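Participant: Below are the features I grabbed from Swiss-Prot:
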- His502: active site, charge relay system (ACT_SITE)
- Asp557: active site, charge relay system (ACT_SITE)
- Ser654: active site, charge relay system (ACT_SITE)
- Asp142, Leu143, Glu145, Asn167, Tyr168, Gly171: Ca(2+) 2 binding site (BINDING)
- 18-141: domain 'CUB 1' (DOMAIN)
- 142-190: domain 'EGF-like' (DOMAIN)
- 193-305: domain 'CUB 2' (DOMAIN)
- Asn125: N-linked glycosylation site (CARBOHYD)
- Asn221: N-linked glycosylation site (CARBOHYD)
- Asn514: N-linked glycosylation site (CARBOHYD)
- Asn581: N-linked glycosylation site (CARBOHYD)
- Asn167: (3R)-3-hydroxyasparagine (MOD_RES)
- Ser206: phosphoserine (MOD_RES)
- 1-17: signal peptide (SIGNAL)
Amino acid sequence: MWLLYLLVPALFCRAGGSIPIPQKLFGEVTSPLFPKPYPNNFETTTVITVPTGYRVKLVFQQFDLEPSEGCFYDYVKISADKKSLGRFCGQLGSPLGNPPGKKEFMSQGNKMLLTFHTDFSNEENGTIMFYKGFLAYYQAVDLDECASRSKSGEEDPQPQCQHLCHNYVGGYFCSCRPGYELQEDTHSCQAECSSELYTEASGYISSLEYPRSYPPDLRCNYSIRVERGLTLHLKFLEPFDIDDHQQVHCPYDQLQIYANGKNIGEFCGKQRPPDLDTSSNAVDLLFFTDESGDSRGWKLRYTTEIIKCPQPKTLDEFTIIQNLQPQYQFRDYFIATCKQGYQLIEGNQVLHSFTAVCQDDGTWHRAMPRCKIKDCGQPRNLPNGDFRYTTTMGVNTYKARIQYYCHEPYYKMQTRAGSRESEQGVYTCTAQGIWKNEQKGEKIPRCLPVCGKPVNPVEQRQRIIGGQKAKMGNFPWQVFTNIHGRGGGALLGDRWILTAAHTLYPKEHEAQSNASLDVFLGHTNVEELMKLGNHPIRRVSVHPDYRQDESYNFEGDIALLELENSVTLGPNLLPICLPDNDTFYDLGLMGYVSGFGVMEEKIAHDLRFVRLPVANPQACENWLRGKNRMDVFSQNMFCAGHPSLKQDACQGDSGGVFAVRDPNTDRWVATGIVSWGIGCSRGYGFYTKVLNYVDWIKKEMEEED
């Protein structure tokens, strides 16, 4: 119970009055003038009212009234619910009277009346007595409307919930058992079973009040709806009791069963129906009763069984069904895969996976696929190389093998340390349908240019001035440039040109960034070079130490030109190698300088070359000083030739390289770049020392070579 309190003083009015107390949850009631003596010849009634849904509880804290036999003189009378709860007077311990003590007075409703009455005097044996009166407290107590009130003797006990009663603080409400609906009077219940729905895979269904008598005038519809792919089975339990007639079939009450809209039975009497296999996932039970009868009704248990699909069968020997089961039911599935090196095919479509699901009608939702051998497709073309089949020609399916190779002797396959070229070039069609190499994976090999290996190396020792023309293939790295006039260069790799910085930014010229860069390769004749066409330049890189404005300082006279497109190497177009040690600059070592420069004061139309020895740096330094020249001759340069030889590079040869044959590797190396000198064939020639710039060259080329 909830007990709520509120102190509300209540005073009595004059004789004959009535005092209603406002609806509060608790308060107090006293006699007039309390705790002073109360007046004589006085009567009033106090009406204590609490909110609806509560009862009134009253307890006296102090009580001191004139005692008398039967409380005839002064008294307090308490009444509630049209009944008297007692008449009280005196005080505790007095021989006369009827004091209330600590008794609790409780009303059944939300009202209680307290009547206070005094006579004309308070005398005892001629002595005037003074009595203080009373002090009482009341409180609102929750009324449990759902508790049985017939014990209280009420003529019309309330509430009258037909089924279930629910009490709450200050009130109550009624509800009904399953299968019934609460009516508008909020107390009575009416059977309602016209649209009961069951969707679980199994369960129980029964008539209302089973196994007690079912109500009259029922029109019940119990619908069972389970997922498609399930079939319902019905099993009736004992007792089965539906009102019937000995001569007429089910004239009063009847249970009709429908499966997929078709009637499969109509039942009544006391004989339990047989177990029913409905072969349906939708069943309706219609139960009708008349206005009379006391039969106990019926109850059944329904269960479901899953529909089965046929065993899956493969279409070829390469298909694998994972975890094959002895039986497949609705919603079961199987996964089909292929043996290694084969792939799933559905129609003409390649599948990455295959799953088939058993449908609600007992069929698989998709047909079994086939397995076809993996096809890696045509192998990728290898730039500057090709491939050949080591298995059946033109067959690119699983386990086929090919061998990539490079176009030798101009290209060589890039190999890893410790691996052979043949291993690098072998690719197999894998089970994943890709060509793959054991070391490189899917990445195809790379054919790198072979440097310094001319097919027709030079053998004669002719001079440029008055010398013999170079033959095709003698200097296949030779580049002819026409930028600020004729110049030369050498091919590095298959897309880089090594040349002198001063051919791009000549000394005693203003710096120009928009000069035409014409580059020609692949022939020894200028006219034929022109016919082969110019090679566009993507990028120019000049060494940062080069100073165009310092005419006597050729420090850093080296530059790189990156071609827009790689060139295809052949007998007349091959790169030269870079030096890797100082032995290429040993005194007296012979090298070759080739170019299209001035020949006997005339412009050459054909490539010519000269054979020159590496000179002593100190001799070159002395020779310069003897000529009163202030030119810078640094450690990044070397000199070649001799004043007595009358052989040298000349105008138009600048940018070409000083080529030396390495006897250990039989490769030609660009040890220097034609940089500067004094006239043509008038002494020493000076060259940029390439070895000192190899790191810069490789960085600029980003190791493309």
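Note that Cβ sites are derived from N, Cα and C of the backbone, with glycine treated the same way.
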Participant: Please report the number of other Cβ atoms within 10 Å of the Cβ of Leu143 (Ca(2+) 2 binding site).
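Facilitator: By my count, 25.
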Participant: Let me check the 10 A CB neighbour count of His502 (active site, charge relay system). How many other CB atoms are there?
Facilitator: 26
Participant: Which residues, same chain and not among Asp142, Leu143, Glu145, Asn167, Tyr168, Gly171, have a CB within 8 angstroms of the centroid of the CB atoms at the recorded Ca(2+) 2 site?
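Facilitator: For the Ca(2+) 2 site, the extra neighbours are Gly53, Asp144, Cys146, Val169, Gly170, Tyr172.
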Participant: Let's check the environment of Asp142 (Ca(2+) 2 binding site): how many other CB atoms sit within 10 Å of its CB?
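Facilitator: The Cβ of Asp142 (Ca(2+) 2 binding site) has 17 Cβ neighbours within 10 Å.
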Participant: Work out the three-state DSSP category of Leu143 (Ca(2+) 2 binding site).
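Facilitator: Reduced to three states, the DSSP call for Leu143 (Ca(2+) 2 binding site) is coil.
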Participant: Give me the mean pLDDT over the domain 'CUB 1' (18-141), rounded to a whole number.
Facilitator: 89
Participant: Does Gly171 (Ca(2+) 2 binding site) have same-chain partners at least 6 apart in sequence with Cβ under 8 Å from its own Cβ, and which are they?
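Facilitator: Listed in sequence order, they are Thr52, Gly53, Glu145.
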Participant: In this structure, which of the recorded positions Asn167, Ser206, Asn221, Asn581, Ser654 has the fewest other Cβ atoms within 10 Å of its Cβ?
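Facilitator: Fewest other Cβ atoms within 10 Å, among the recorded positions Asn167, Ser206, Asn221, Asn581, Ser654, is found for Asn581.
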Participant: Counting other CB atoms within 10 A of each CB, which of the recorded positions Glu145, Asp557 comes out lowest?
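Facilitator: Among the recorded positions Glu145, Asp557, the sparsest Cβ neighbourhood within 10 Å belongs to Glu145.
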Participant: Which recorded positions are spatial neighbours of Asp557 (active site, charge relay system) here, meaning Cα within 10 Å, out of Asp142, His502, Asn581?
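Facilitator: Checking Cα-Cα distances against Asp557 (active site, charge relay system), the recorded positions within 10 Å turn out to be His502.
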Participant: With helix taken as DSSP H, G or I, strand as E or B and everything else coil, how many residues of the domain 'CUB 2' (193-305) land in each class?
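Facilitator: Taking the domain 'CUB 2' (193-305) as a whole: 0 helix, 53 strand, 60 coil.
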